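Feature annotation from TrEMBL assigns transmembrane segment to B:20-37, B:57-75, B:82-99, B:105-126, B:133-154, B:174-194, B:225-242, B:279-302.
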Amino acid sequence: MSALSRRNVLFGGAAVGAGALLTACTSNDPGTSAQVKTNESGDANAAPGQKVVIGFSAPAADHGWIAAITNNAKAQAAAYSDVELKSVAAGNDAAAQRAAVATLISQKPTVIVMLPHDGKELDAAGLEAMKAGIPVINLDRAFPSRAAYRLQIKGDNFGMGLAAGAYIGEQLKSKGISNPIIGEIPGIDSLELTQERSQGFNTALATYGFKVANRRPAEFTADSGQAAATALLQALPKMDAVWNHDDDQGIGVLAAIKQANRSDFFMVGGAGSKAAIDLIKADSSVLKATVTYSPSMASSAVSLARLIGQGKGMNDLVELQVPKEITLSSETITKENADRYAALGF
Amino acid sequence: MTAEAVRARQRRWNLDDNAVRNLGLVGVLVVLVVIGVVTRPELYADPTWVRNNVLTILQQASAIGVVTVGMTFVIVGGGIDLSVGAIIALAGVWSTTLATQSYGALGMIFTALVVGLAVGVVNGVLISYGRLVPFIATLAMLVSARGLAAQISGKQTQVSTNDTINNLATTRPLGIPLLVWLLAVVVAAGWVLLNRTTFGRRTVAVGGNPEAARLAGINVKRHTLMLYALMGLCCGLAAIMLTSQATSAQAAMANLYELDAIAAAIIGGTLLSGGRGTIVGALFGVLVFSTITNLFAINNLSTEVQNMVKGGIIVAAVLIQQFRYRSLTQLLKR
């Protein structure tokens with residue numbers, strides 16, 4: 001009996017000790033830097049004006065990009081002395097976000113900035129807010145009804161594929177490769193955004209007379225990227241170029257390339273993460289370029305929400321009000337311009 | 001052919017049921033390879049590529065293989081664990097926080113193993129002493145462990161900057177990837193544990209008939225707890241393997257690993273109701289899936305079709321099991 005209890009004490013002690021040690025190991029502050037527009041040029045729009053309350057709703061982040069969206073919105077709002085950001089957690093699905101937006105409307109903010117779980121499912125919520133006299137800024141995932149938003153600001157998925165295809169096409173043409181083998185690693189294949197990206201990619205490649213030789217979808221996670229890339233590399237023992245849709249899953253794709261000890265091709269990324277931009281700048285891997293789909297749109301959405309709330313327009317435009325739709329251009333980041341984009345990485 | 005004739009033939013060749021089933025899976029593997037050779041002869045003409053391909057299939061099967069060994073024990077012991085993917089994510093994320101990484105590779109490995117073990121123990125306590133149905137207890141763990149992983153990681157992808165960990169996936173002692181060696185060790189240890197120790201015999205007894213096992217003097221509750229703890233430990237090991245392969249961890253990693261592991265165990269001949277199963281069969285189950293993925297990749301076929309084929313194989317495997325266990329004549333009578 002005494003032996004047993006001693007054993008129990010030892011095990012118990014070890015468990016408590018390990019527990020204490022591990023709880024200390026959850027600290028995690030990578031010090032994320034947000035993409036904020038600071039205006040020191042004496043622009044008339046920058047001067048503090050009428051106070052604007054911005055209601056903000058975005059899905060719970062499960063991916064670096066969404067996390068950056070929320071960070072950016074908060075940081076941009078903090079940069080203005082006349083803006084107050086009321087952020088409501090949108091929960092895990094469209095129904096939860098509808099409820100959250102309803103609460104938000106009842107609080108009567110000046111403007112609402114919303115990244116919906118799904119544009120179609122939150123369309124009604126946008127209409128309701130507009131009916132209540134609150135201008136809605138529809139971020140990235142588009143509402144089908146044009147009455148559901150005052151401003152729509154979004155990225156260009158088709159343009160992303162187009163930019164990646166154009167870069168790959170140009171590079172291969174300048175190298176004089178006439179019949180190149182091109183691989184593609186998309187994200188979750190059932191999503192509309194993935195299909196648009198692939199369409200853009202194929203369209204651009206077709207203008208050079210090229211096509212994708214093999215396509216292995218991943219799931220926007222690094223471990224799925226590793227698995228997809230390993231399969232792709234095995235299927236194409238010789239390859240000239242590959243486009244990976246997402247820099248987050250690209251961590252796994254690059255790991256797989258290193259594990260397979262391959263360097264016979266170049267790679268283009270997607271989204272424009274800080275790590276990818278740094279790697280392109282260092283020019284130390286197969287990653288030579290990335291095409292942006294930048295979460296900086298959240299910062300811009302907050303800036304424009306402020307202007308809409310104050311009834312101001314964009315200074316460089318003739319119109320007195322902010323336009324209704326803005327689609328960001330997908331830009332190609334290479335070694336040459338990486339310095340300029342370094343601040344926009346997320 | 002009647003069941004008696006089948007059995008007579010088995011006696012002649014000195015084969016038991018498990019060996020027959022494993023041979024069947026080897027047959028499936030051979031068929032898959034033959035399809036590969038026929039459809040892409042130019043690839044299979046290069047011996048270096050073939051060797052690389054075999055090692056790649058094995059390496060991609062390594063993490064899920066380790067999980068499947070644990071899963072086989074849990075299922076043979078009459079349980080099920082739906083939380084394995086979530087445990088891997090939690091162990092992976094916990095072991096790649098900046099704080100953990102500051103303790104070096106050993107700190108990261110220790111953390112992953114202890115987190116996996118601890119979550120497994122919680123599962124085991126809930127199921128054996130809290131009397132929760134394994135399905136419910138581990139379903140709850142699936143949700144909450146991924147939640148905690150997302151909380152810890154701040155929903156970001158945590159990159160491992162530890163070269164020792166990252167190099168685990170590139171090291172190749174004797175020309176074979178270290179991860180494949182790890183899988184081999186786990187499979188061998190699992191085989192010995194299940195077939196050559198009291199622990200293994202008790203697992204079969206507990207899964208086959210818990211009441212009889214209790215009357216025979218086995219501490220069923222404690223044994224069940226140990227099975228889930230073992231499963232957790234396997235997940236911790238798999239978390240390190242996956243982290244080194246992806247050089248990072250995140251809350252969404254190891255997505256749907258629970259289904260892959262359960263499916264591999266089932267087609268390997270493990271009875272979902274418990275009491276019977278083999279480690280070697282489970283390994284073949286994992287290899288069949290890994291080979292299918294490879295076959296579809298080299299032929300540039302869509303992953304949708306691949307998932308349909310996987311589903312078909314699972315159904316076929318279970319149907320064959322039923323044929324073997326309710327003899328053919330009985331089926332014909334109905």
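Any Cβ shown, glycine's included, is placed from N, Cα and C.
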- [ ] Please indicate, using numbers and ranges, the residues of the same chain that are 6 or more beyond the transmembrane segment (B:279-302) and have a C-beta under 8 Å from a C-beta there.
- [x] 18, 21-22, 25-26, 28-29, 32-33, 35-36, 39-40, 43, 53, 56-58, 60-61, 64-65, 68-69, 71-72, 187, 190-191, 194-195, 260, 263-270, 309-310, 313
Task: Result, the transmembrane segment (B:20-37) in contact with the transmembrane segment (B:225-242) (3+ CB pairs under 8 Å) - done: no
Task: Ranked first among B:57-75, B:82-99, B:174-194 for CB pairs under 8 angstroms with the transmembrane segment (B:105-126) - done: B:82-99
Open item on the list: Quick check: do the transmembrane segment (B:133-154) and the transmembrane segment (B:82-99) share at least 3 Cβ pairs under 8 Å, counting only pairs 6+ apart in sequence?
Closed with: yes
Open item on the list: With Cβ-Cβ distances below 8 Å as the criterion, list the same-chain residues six or more beyond the ends of the transmembrane segment (B:20-37) that contact it, or say none.
Closed with: 10, 43-44, 267-269, 278, 280-281, 284-285, 287-288, 291-292, 294-295, 298, 313, 320-321, 324
